[in-house]
Structure formats: C-alpha cells, structure tokens
Amino acid sequence: MAQGKSKSKYYVVWKGRKTGIFSSWPEAEAQVRGFAGAQFKAFDSLDEARRAFAGEYDHYKGQKANQGRLLELPPPITPSYCVDAACSGNPGLLEYRCVDTATGKEIFHRGPFAQGTNNVGEFLAIVEALMLCKEKGHPWPIYSDSVNAIAWVKAKKARTHLKRTPQNAVLFERIAWAEDWLRSNTYCNPILKWQTESWGENPADFGRK
C-alpha cells in the first residue's frame with residue numbers, strides 16, 4: 001500500500017500571516033514563508049493538530065518528528081533592513097541603528113540619547129526605516145528583535161512606561177515625531193521579528209551583550 005500518498009498531514013500555524021489549522025502545505029506555507037518568527041508544525045491527525053493549536057508552540061517545538069515535525073524556517077527576505085538598539089541600563093544611554101540585512105552596511109545610526117530604553121530605540125529605528133523606505137520607494141521588509149516595538153508601530157503609539165524627564169526630553173520629542181508620522185502616512189513594508197535561533201544574530205546588533 002502506498003501509505004505515504006493516502007496519509008494526510010495537518011499544519012498548525014501559531015504565528016504567521018494567518019493562524020489556524022491547514023490541510024495542505026501550500027496553504028500553510030503561504031502564511032509562514034518570509035514571516036520571521038513564524039511558529040508552525042505538521043501533525044499526522046486532525047485531533048493532534050487541534051490539541052496543539054489550543055496549546056502553546058513552546059510545548060511542541062522540542063518534540064520528535066513522530067510527535068509533530070518542526071518545519072524548516074525560510075531564510076530572511078532580502079533585500080531588507082534590520083534595526084537594533086543598545087541601551088546601557090534601563091533607562092540608560094540609548095543608541096539605535098539600521099543596516100542592510102544582506103551586506104551589513106550601516107544605513108543610519110542615531111544617539112546616544114539619555115535615559116532611554118531598548119524598546120523605545122527599536123520603535124524609533126523601525127519608524128525611521130519606514131520613512132526611508134517610503135522616500136526611496138522600497139517595499140522591503142524591516143526586521144527587529146523587539147516584539148513590543150513591532151506592536152507599538154502597528155498601534156501607531158509607543159506604549160512605553162519610561163518617565164519623561166528634562167534629560168530625555170529630546171527622546172520624547174522623537175517619539176512624538178515618529179507617532180505623528182505613523183498617523184499621517186501609510187506603508188506597505190512588512191515589519192517582522194528577527195528569528196535569532198534560526199538565522200543567528202541580528203545584523204544590526206551592537207555586539208554589547
């Protein structure tokens with residue numbers, strides 16, 4: 001019997017363009033290919049897939065192949081930009097920058113700013129990269145390490161708990177500038193999470209860990 005032909009696979013996507021259970025790989029692949037940080041696995045039965053989707057990806061990603069095969073994550077999309085921030089303390093002295101993902105060439109570098117945070121820096125870096133892409137007509141993806149900063153950009157609001165002080169007034173002016181740009185502009189660039197475990201260190205990393 002040709003069991004390989006008759007046995008169906010079910011694909012769980014916990015994190016991707018759309019989430020859910022898909023009955024074919026092309027459907028699932030459309031949700032995860034080029035989506036940095038995508039979380040997905042194949043299962044042999046619909047019941048297994050339903051249980052997995054109701055649970056957490058972290059509970060399944062370390063299992064053996066016969067318990068749900070971890071599918072290979074596609075490489076990062078190029079051309080694209082990567083951003084990162086470095087902060088000596090929380091709050092502390094903040095810098096952020098953007099590089100070309102493929103070449104590592106620095107595109108811009110801002111700071112240092114007093115009394116900032118990493119998330120604020122990554123938020124500002126993403127927005128400035130979006131501005132650059134719009135100016136140049138580039139539909140390129142932008143990768144960031146910060147889930148919070150990515151969410152803030154999508155919300156058009158920096159939801160930081162950072163306290164405003166005379167020392168970081170300039171930083172808050174930049175935050176207001178970035179928020180105003182997001183409210184006043186549209187963009188087509190995907191903003192994606194850099195998948196360090198699969199791809200290695202973010203090319204924009206400052207190397208100060």
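Each position is counted from 1, following the chain as shown.
Positions of Cβ are set from backbone N, Cα and C atoms, glycine also.
For reference, TrEMBL has these:
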type    : residues   : note
DOMAIN  : 75-209     : domain 'RNase H type-1'
BINDING : D84, D205  : Mg(2+) 1 binding site
BINDING : E122, D145 : Mg(2+) 2 binding site
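In this structure, the CA atom of D205 (Mg(2+) 1 binding site) is 11 Å away from the CA atom of E122 (Mg(2+) 2 binding site). The binding-site residues listed here are D84, D145; among them, D84 has the most other Cβ atoms within 10 Å of its own Cβ.
Residue density at D205 (Mg(2+) 1 binding site): 18 other Cβ atoms are found within 10 A of its Cβ, drawing on all protein chains shown. E122 (Mg(2+) 2 binding site) sits 6 Å from D84 (Mg(2+) 1 binding site), counting Cα to Cα.
Distance noted between the C-alpha atoms of D145 (Mg(2+) 2 binding site) and D84 (Mg(2+) 1 binding site) is 7 Å.
The DSSP secondary structure for D84 (Mg(2+) 1 binding site) is strand. Across the domain 'RNase H type-1' (75-209), DSSP assigns 51 helix, 35 strand, 49 coil.
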